[in-house]
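Before any comments, here is the structure.
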Amino acid sequence: MVQHAADPLVFLQMKPHTPRGPTITLSRGSSTLQMGSIPEVPTSALLPTMPRIGMGTAAFPFTSSEETTAALLRAIELGYRHFDTARIYATEGCVGAAVAEAVRRGLIASRADVFVTSKLWCSDAHAGRVVPAARETLRNLGMEYVDLFLVHWPASVMPGKYEFPFPKEEMAPSFDMEGVWRGMEECHRLGLARAIGVSNFSAEKLEQLLSLAAVRPAVNQVEMNPMWQQRKLREVCRREGVQLCGYSPLGAKGTPWGSPAVMDSDVLHQIAGSKGKTLAQICLRWMYEQGDVLLVKTYNEKRMKENLEIFEWELSEQEREKISQLPQQRGLPGLQFISDYGPYKCVEDLWDGDV
């Protein structure tokens, strides 16, 4: 499907700035690792705050579990303050339970100390269904608002079902971008979502949305890593002030929506070895230096910590140049959304040629 790598991370677009946010101190027995602060996106009218590293919660097959809730609670203990979920992931309840338990334990003062993103699934991407879907998401989370609410894909399927993959014959023949976005704007007006945005929108579709939006999208969350650098979309987002948020920073190898290209890259392995870092850290640092918000996905504590250890060093100009020369190819072509029944008959239609 979409979202987050099977084990790693994701980021956004703006030059690094003075870090703000919770100071992270990791303890193991008598040893303590001081890790600094997780920086946040510079404040804007569209996006008051957003931690630059978020914890993803998509694991296929999509399901909720006590293990997920426990892992998210541990992530809060380690300093994570940004959590990315979606109705289709079945993890909204896990995120809500972890945040509530963190408040109960005194790990955070209140729900306001975390940034929570959720997404509108395709079966609710119909005019008239957006606000009720947002209210259901809030019931699942046990929260009064989400910090960011995203249109998950520029596609609609038959209402009433939350499944992936879905029968292709259930795809709607068109996507009512304006009708859906008016519903998103109503969610914002009602205070159900502090900010609204999109996910998996091509540069062309984002520009189309910007032309009709009364409330502009604050974020576009997309696949991003050194093997798919989103150069065309990045240019549009910079120009229009839309924050880029990346999922699958390691390519999501081993998932139905992933590719082994990142983890198998000799260039990235060479850079990691020469710097004494993990390949994941090289990818995350590269995304961070682009100004992106990163979404990481791992419930392994060691990797949770490693994913936060990217702020006190940087890539050299030579290393950045090597990464810029990597061959580019989407790891997530979105084949599930290619159907004779829907608006996208080929991959080029879905991504408007940017493949």
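Cβ from N, Cα, C; glycine included.
The following features are taken from TrEMBL:
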- 52-325: domain 'NADP-dependent oxidoreductase' (DOMAIN)
- Tyr89: active site, proton donor (ACT_SITE)
- Lys119: site 'Lowers pKa of active site Tyr' (SITE)
- His152: substrate binding site (BINDING)
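Counting other Cβ atoms within 10 Å of each Cβ, the recorded positions Lys119, His152 show the lowest value at His152. Averaged over the domain 'NADP-dependent oxidoreductase' (52-325), the predicted model reaches a pLDDT of 96. Around Tyr89 (active site, proton donor), taking its Cβ as the centre, 29 other Cβ atoms fall within 10 Å, counting all chains. If you take the Cα of Lys119 (site 'Lowers pKa of active site Tyr') and the Cα of His152 (substrate binding site), they are about 5 angstrom apart, rounded to a whole number. Taking only the Cα positions, the spacing between Tyr89 (active site, proton donor) and His152 (substrate binding site) is 11 angstrom.
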